[in-house]
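*Asks:* Pasting a structure below so you can have a look.
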């Protein structure tokens, strides 16, 4: 008999061994096997049975049942490899024979049987206990899914048909329940309870082909599972694949038993709260009360593994919400139960303090619970039901939950609101909150009139109501802002009123106040008239002290008188500090007017009394003291106490003792607070005011009173004083637990039993408001009465910090924070602190949003823009100032070396750049002028020969015209006929005769030697030469003829307009009612110069010589005339030497008397000449030293003739010697003025000796020659056509015109059309243009013609001139000479007056010359006196010395004669200027030489003081204009 065990299939099989029929067969079988030792055979059998191998299989992968659910499980597999014996039969253990033919003994058989039985039992136990050890353990969550991974191992790796079966072990007996069976091509078998939850995994999944998917796991699914794979058509003994799995199902906790949601209890009852939960693993039970863990105490405990919470003897602090929490590794659940006291309502959510704006809605909550739940809620405001408050009746609402709503709120709604709840059982419960209504500050009342007492302190009231509190008040007085903070005698009070410390009359006025608070203002008050009046005055004042005995009477007197204009004051008596008289006193008091009488005095009558006098102006007060003697002592006062642990020291001030003869002692009354019995202690020594009471308990509050006593008895008791003794020094702490605090902990280590803790603050929140962040919370529900203060902790990192600096009172439940940093996250906690403990609220997280300070950015941007604008403005101003200073410096240097170039320079400089008249362009005339030669294309070519004098040439271009019918029209360039009242005689001229020499054109030409210079630089014509012109000496003496610059003109009743359109300064000199400015304003004409000058030296002599030739008869030229002319110009200093005339005739040799006089101009009326030499500055004339004149140049100059000379600058004269032009070129010294100023300054002080030498060379015949100093001469312009189209007169240049043009293009655009002007003299007629009027340049003494400041290009003002207003035209006269004019005859040399074609005629030059020549003492004096220098206002303003100063007091000079020497043998003198006629010394045509003597020494100036005064006034006016200009330029 044998037993075999198939360990590979884990099945035990029993084989029954058969006995051979014959002994022979047994013996043969034994013989066929080798002999073995019994022990070895037994060992081999046991080894086959017990040989096992244990192998650890790697953990399987985590499987997922579905995408939505994941089964996380742990695989713990121990696979034991068993040794399998592959044999046809079972392994048989046979008895061992010891010898051949011997049989086993009974003992051996018994041993074998026992051994086999034991092995069978062990194998059976091994089968039962090996399954769990080899299983794969999987953990899954309840309700989720799991996959059992099972692989199929085919025999020899060849797929064969198989059956898949999954079994679940349902009992310890080993019975299996097939839950899933699968065979290919057959329907699946699923056990009941697993349908819809089990399935075979897909073949393309990463799991084994035999894997099973189990979903929606239940707790019953926990257990053992086996995967079986049975291969068909195989030997049953073939091994089978299979795996064991153990499934553990975990479940989150869930309650199986919970307490009721609301539990009603009575105080003193006991309750048990039961809370049980199921789950895998077993959950843990925790208890919380109002979000805080329940602390075990003698009355509160947790039992039965935390499932029960027992509360015995319920108190008020035990009422609240209790929460049971069950938790395990899979989650947690909670349940809350409310414990409410039955029988009375309890407020669960009390109201909180609120602050609202006016007009908003406010809600006060008041939630209450009670048993039974019929809770009634009532609301009160300041003790009155809100339903009964009339102001709230229509705006208040009470909800069912007890909340109070007020909508909208008003300022008067501020106050305390109380919520009271009750259900009829017990006392009502109440809670209160305060409502603060904020609104802008406003004025509630505005008195019409307020009075201030004169010379006393007074107050101007502003009745203000404000919430929040008032911040400031602004005041206005008489509609102007009042700054009381800047005044010493005005103080702004806390309520916004004005306190005047000493009133004066200046404080009277109309006042208004405007209050402001955090919400702004509601507006200003009305206007209050504040009147200053005298206050009432005391006429009788009470005495300072009244002493009376008990029972006596006292009479106190008081009276006052009102001030004038005020009401009579009222007088009343009162006790000190405004206390009214007591009832007992009123029966004993008599008041008569201002007198008061108190009878039957008592001790209580002792004290201070006030006499109050008041009216509408002021309230005055007089104080007196009434002392009652013979009474008990009065009560001590000002009691103070100092406490220790066991003693208190008291101090006080004694009261009135009852009289000086009474001595008082003191007794201390004290008791412990809350105790009814008082104890007394006498104070020793007698009269002491300090005592120490010992033997008191520590930490106890005591009450004290002090009473005085004298011989009359005990006095009055003092006020009660409360003092608390100090606590004993604390002993060393015991039972202190040492703990390591985390770095973020803000809690302090406290010993055990530190005292009761208050409940934690609730509902902590952080909200952002307009002015910061508001942290709010609610007071604790438990032990809120022990809260002493709150503390707020915060952190942004690990360290907790205290937010509030001081303690927050327990009634406050909010805190405003203003300095939180944007972009950070803050954590807050609120601590409720008691005396010895505290409790913390939950941590609140608040991220502060990152804020951009838009206002700061805007302010920065605006500030930056403003900064750049200011910088630009300052830079421009600095550049302008620097440029202006630089120009002034340059001009100052320029004026140091250059004479003031006036008329001729401006003429030449301006005409140099002129195009022909048709283009209408002009030159700016700036200094220096630009080089431009193209403008001379209309001129004849000239030679520029440096170092030679320049010949002045005045050409008569049309000598063939002999008719003088229109010849007088050409004199209109002197003065326009419509500018004077009676100018007809001005434009009439006699037939001037000159037989000195022939001009080559059939006419006669006078010698230059007839012209001499007077003391002031004017030219004088010899009278003898005048007589040859057809005027008699009587005519000249009678004043009917004017001799002006070599021309004689008859005038009759001329009334020249004295008006000038210029307003920029200057002075006028009056001569015989003919008014001329110091620098004469030319008539308002807009024509170019009519005179072209070809010299920079004393070229005016040629001009005068030309004037003498006007109208002269043609005659032979005297042999000495050219020499005179040469002498006149030989000493001249020049710069540009022009090409000689192409004609070899003399200067006026080609002039025809019958044709109009042709005057060279720059405007282009002459034929164009080829220009042989053009320097870099062709239009400049440099002042340079004369150099040797080449002979051929001199020959060319002397033989020049014709009419194409290159135009030169008449004003480029200077006595200063700059470097020679042959040596180097210097800066142009041309005048910087657009219009000349008619006068050249006298420069005799410079190079006087050189000038004298030049004059000697120029006058070899000893004739006196005054240096050239005359107004700018007139000039003519030749026109292309003889008839002129008259153009309107316009003033087309401002006073600073020259600076406005910097190039030719601008000049062409700015040019105005010039009027065509005609010039008719006696025997010539030539259409010519008129020189531009110098409207903006008078004398340099005028403030508008500043020497150095008004440089071209500077920022001087642009003064637009008024339009020209033409005066009435002069009347025509019927006759010019005696009866000839009356008879309608035109004498020889007279003018017809064609009004339609009469151009303007600049007579300003002639009138000014006459006025200046009259100031000279004698034209024949050998040496002219030096000009008087009036001086200058400052370094920039100079005055022409040759200009007399007019004044209202200055008499017109009528005794001055105009004496002109035109020839050594002919002298012409103009008599005194009287009336409108000029008188001649010789009759017309007379040849006798007759000279009128002049006074020897006449003053150069009429009235210097008046002139200086006028100069000062105009200087001040100029300074004012200059300041205005600078201000405008800066702005």
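Every residue gets a Cβ built from N, Cα and C, even glycine.
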*Asks:* Which range is it, out of 1226-1247, 1248-1269, 1270-1291, 1292-1313, that shows up in Swiss-Prot as region 'Disordered'?
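*Replies:* Per Swiss-Prot, the stretch marked region 'Disordered' is 1248-1269.
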*Asks:* According to Swiss-Prot, which listed range is region 'Disordered': 19-44, 45-70?
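*Replies:* That would be 19-44, the stretch labelled region 'Disordered' in Swiss-Prot.
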*Asks:* Using Swiss-Prot as the reference, determine which range in 838-858, 859-879, 880-900 is annotated transmembrane segment.
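*Replies:* Comparing 838-858, 859-879, 880-900 with Swiss-Prot, transmembrane segment matches 859-879.
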*Asks:* Tell me the residue counts in helix, strand and coil for the domain 'Ig-like C2-type 2' (253-340), as DSSP assigns them.
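*Replies:* Computed counts for the domain 'Ig-like C2-type 2' (253-340) are 3 helix, 53 strand, 32 coil.
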*Asks:* Restricting to the topological domain 'Extracellular' (1-858), report the mean pLDDT as a whole number.
*Replies:* 80
